[in-house]
Amino acid sequence: MSQSKEDKIRSILEAKNIKSNFQNKENLSEFNEKKASKRAEDLLDVYYNTLSTADMEFPYWYNREYRKSDGDIPVVRRAKALKAAFSHMTPNIIPGEKIVMQKTRHYRGSFPMPWVSESFFVAQGEQMREEAKKLASNTADELTKFGSGGGNVTESFGNVVSIAGKFGMRKEEVPVLVKMAKEWVGKSVEDLGFHYEKMMPDYDLKENLMSTLICMFDSGYTLPQGREVINYFYPLNYGLDGIIEMAKECKKAVAGNASGDGLIGMDRLYFYEAVIQVIEGLQTWILNYAKHAKYLESIETDLEAKKEYSDLVEILEHIAHKQPRTFREALQLTYTIHIASVNEDAISGMSIGRFGQILYPWYEQDIEKGLITKEEVIELLELYRIKITCIDCFASAGVNGGVLSGNTFNTLSIGGLKEDGSTGANELEELLLEASMRCRTPQPSLTMLYDEKLPEDFLMKAAECTKLGSGYPAWVNNSNGTTFMMKQFADEGMTVEEARAFALGGCLETSPGCWKQLTLNGKTYSIAGGAGQSAGSGVHFIANPKILELVLMNGKDHRMNIQVFEPHNKPLDTYEEVIEVFKDYYKQAINVLERANNIELDIWRKFDTSIINSLLKPDCLDKGQHIGNMGYRYNATLNVETCGTVTMVNSFAALKKLVYDDKAFTIEEMKDAILNNFGFKDALEVGNYSMADQVKVDKTGKYDAIYKACLDAPKYGNNDLYADNILKNYEVWLSKVCEEAQSLYAKKMYPCQISVSTHGPQGAATLATPDGRLSGTTYSDGSVSAYAGTDKNGVYALFESATIWDQAVVQNSQMNLKLHPTTIKGQQGTKKLLDLTRSYLRKGGFHIQYNVVDSETLKDAQKNPDNYRQLMVRVAGFTQYWCELGKPIQDEVIARTEYEGV
């Protein structure tokens with residue numbers, strides 16, 4: 001925000017006696033020169049004034065061609081449909097843009113994919129049509145109802161229908177969506193998945209787990225791709241024409257030739273044909289933008305703007321065919337390929353990877369030749385940040401709000417090591433940090449792959465960036481990441497050198513990569529890129545406290561009145577018996593969800609085959625096999641995601657202490673207190689989702705003693721082995737149990753321990769818990785963050801608790817800390833923040849991220865969201881605009897312990 005805008009807003013607020021709290025003024029004042037370029041600020045204003053728009057153009061052309069090519073080989077048929085969709089996308093260039101193209105013809109938005117999932121649109125079809133009919137009488141006043149939600153269209157207005165709680169769609173497009181959705185009934189990945197899932201003998205258990213929110217959502221048709229790292233190598237090294245030529249040559253070599261691979265060898269011919277079809281569609285898409293830029297040039301009267309359009313024409317016409325020549329061309333091509341990738345499927349978390357190292361060849365050579373300055377590079381990176389922030393993912397309201405919080409997790413990793421073990425940091429990565437400090441947008445989020453070999457000044461620069469309060473970079477233990485790579489992918493040939501190529505996919509999913517040798521103007525560079533399947537498509541978010549709830553309630557969900565598990569009918573006379581039943585229920589949940597997910601993903605790979613992401617990542621082009629035929633180098637990537645770990649740990653500690661060790665209460669008394677919410681209203685009734693401001697209704701005091709005892713029971717995060725050992729035992733057990741699960745590729749699975757935003761809705765679906773948490777309130781965030789307000793012994797005690805187990809044996813763990821801005825003010829404060837981070841990572845912690853903001857600012861922003869449009873917070877592995885978060889997550893972030901001294 002410019003100083004003039006800030007002063008104007010402050011004067012307005014002060015006139016109304018409203019406190020003017022801007023994000024982290026204590027720390028921003030240290031870096032008051034960190035302002036985005038005028039061009040970037042103008043485009044950010046466009047973004048802030050743009051609503052998320054759902055558009056039917058891409059699906060219309062996809063569906064039309066798909067029908068037309070009925071009878072063709074499935075992978076080729078899908079390629080032709082994608083080609084038609086890309087070829088017919090309407091170009092839209094915003095004045096001032098130097099990086100162009102987007103998901104749809106709208107600056108911000110996405111589109112539905114009924115071939116993947118259509119049930120929501122069919123079920124809501126009549127309602128949406130009725131909504132569209134009555135909209136003509138709506139007044140413009142209704143616009144203000146969702147103004148506090150940033151770009152989210154939470155309510156219908158004017159000529160616009162709200163869809164999935166986030167997107168607006170023009171009413172004339174609604175009938176097209178409903179008609180198309182009905183065409184896919186019984187044929188979508190979702191419907192076919194349900195059809196075959198029902199053949200499982202324990203299908204009812206799976207449905208019960210979903211209905212009660214023990215499991216958050218199915219991944220096979222909801223978000224089948226993503227939470228992985230893209231690979232830009234082939235377009236960057238060969239150009240799009242080069243890929244087509246490779247595919248044509250390979251087609252000749254494999255036609256009719258099984259080459260000892262059996263029947264799967266015959267699939268290579270069809271895959272290479274599909275690659276050609278899709279690339280041709282992408283080329284048409286790019287060239288359509290070039291034509292549009294040429295048209296804009298022809299009508300532009302300003303000479304400077306005219307030259308900019310001319311430059312765009314030259315860039316787009318070149319990258320549509322050839323290897324990029326300059327840094328700007330390489331940046332444009334990688335962005336274009338990224339959009340192509342996320343348009344192929346329902347995707348969140350298609351992460352960018354080691355971007356500063358990938359684009360370094362062009363940066364180095366352009367700087368040496370004097371073709372570009374550092375300031376020009378920074379501006380381009382600012383513009384890139386805005387374009388990535390514009391990416392939206394179309395999903396159901398439950399997924400968009402309950403998991404993604406509107407974020408798409410396009411994480412960019414910096415630091416780490418090169419193939420030879422030397423530092424991966426370079427000058428371009430420093431400029432990426434600088435651009436992130438000047439142009440503070442939620443996307444792309446940055447992750448520092450911390451290693452002891454990284455230069456001190458580079459780490460200090462990253463700490464300065466974190467201090468500004470954007471929540472990034474998050475800090476990840478590079479040593480832990482490479483150790484996990486070696487463990488999980490040993491059977492697929494992972495080496496130490498290749499393990500160093502990993503990066504973060506999605507918000508916090510450790511994702512395998514590989515090194516490729518790129519040649520630019522005769523000089524060879526080794527660059528990293530993704531080489532694995534989705535690292536987040538598996539069992540999606542088991543609610544740990546909810547499993548414990550059902551143990552106590554004999555397998556029954558009292559909120560929904562559903563008998564989820566078979567009654568165990570055990571008296572739970574001992575703590576060991578509670579643990580035994582918990583493990584049994586947990587294993588049942590993993591088993592049935594894993595098998596259902598395998599069916600969904602198997603149908604997805606057959607009918608919604610990935611072609612763009614397949615051709616990008618090694619070794620699909622070499623093998624002639626797409627993702628679904630394990631063309632990728634690494635395929636043991638599917639996981640079991642969990643939520644609410646610390647709430648569960650604290651609950652076990654309370655049960656053990658109060659019921660079994662001290663015998664202060666019986667198990668029946670505990671169950672009664674839980675069913676009656678310790679005498680309080682449910683959080684959903686109150687409208688507050690943290691433990692603050694809950695309303696007591698019991699006037700007898702019946703539950704006062706047990707409630708106080710539960711709150712006072714041992715809690716994780718205080719270096720107290722009573723609670724911490726419960727976490728340790730759980731983690732050791734969970735890792736083994738997940739390895740027993742098997743993905744559709746017959747590969748072992750592993751734990752993924754992040755909450756994203758699921759701790760909100762899953763907490764809402766859970767009764768009170770034995771730790772004193774009340775019904776409907778949000779779970780603990782992350783996996784090793786303390787439950788809000790329960791870490792009483794300082795941050796270093798929390799670190800001791802978190803590192804009681806070996807965090808390198810699983811995909812991730814998640815630690816969130818909230819620091820008051822004054823705690824890390826000044827240069828010494830920056831050093832203090834870096835030392836704090838080092839302390840945790842050196843102890844074996846995998847991940848740590850910070851919110852540097854005071855709680856009073858957040859409370860005021862909750863009341864006056866329009867005054868804080870630019871305020872961002874770190875949630876759980878991602879950064880998002882405060883005004884676009886749901887209230888349950890806002891309440892949880894406010895409630896987190898705020899450290900004023902470290």
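Each residue, glycine too, has its Cβ placed from N, Cα and C.
Listed in Swiss-Prot:
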type	residues	note
ACT_SITE	CYS507	active site, cysteine radical intermediate
BINDING	SER348, CYS507, HIS540, GLU641	4-hydroxyphenylacetate binding site
DOMAIN	782-902	domain 'Glycine radical'
MOD_RES	GLY877	glycine radical
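Each residue in the domain 'Glycine radical' (782-902) has a pLDDT score, and their mean in this model is 87. In the three-state DSSP scheme, CYS507 (active site, cysteine radical intermediate) is classed as coil.
Long-range C-beta contacts of GLU641 (4-hydroxyphenylacetate binding site), restricted to its own chain and to partners at least six residues apart, with a cutoff below 8 Å, comprise GLY536, GLY538, VAL539, HIS540, PHE541, ILE542, PRO751, CYS752, GLN753, ILE754. Note: the Cα of CYS507 (active site, cysteine radical intermediate) and the Cα of SER348 (4-hydroxyphenylacetate binding site) are spaced 10 Å from each other.
When the domain 'Glycine radical' (782-902) is classified with DSSP, helix, strand and coil residues number 57 helix, 18 strand, 46 coil.
Residue annotation for 4-hydroxyphenylacetate gives SER348, CYS507, HIS540, GLU641. The furthest Cα pair among them is separated by 15 Å.
Of all Cβ atoms in the shown protein chains, 28 besides its own fall within 10 Å of the Cβ of SER348 (4-hydroxyphenylacetate binding site). HIS540 (4-hydroxyphenylacetate binding site) counts 26 other C-beta atoms within 10 Å of its own C-beta, drawing on all protein chains shown. In the three-state DSSP scheme, GLU641 (4-hydroxyphenylacetate binding site) falls into the strand class.
In this view, CYS507 (active site, cysteine radical intermediate) is surrounded by 32 other Cβ atoms within 10 Å of its Cβ, with every protein chain counted.
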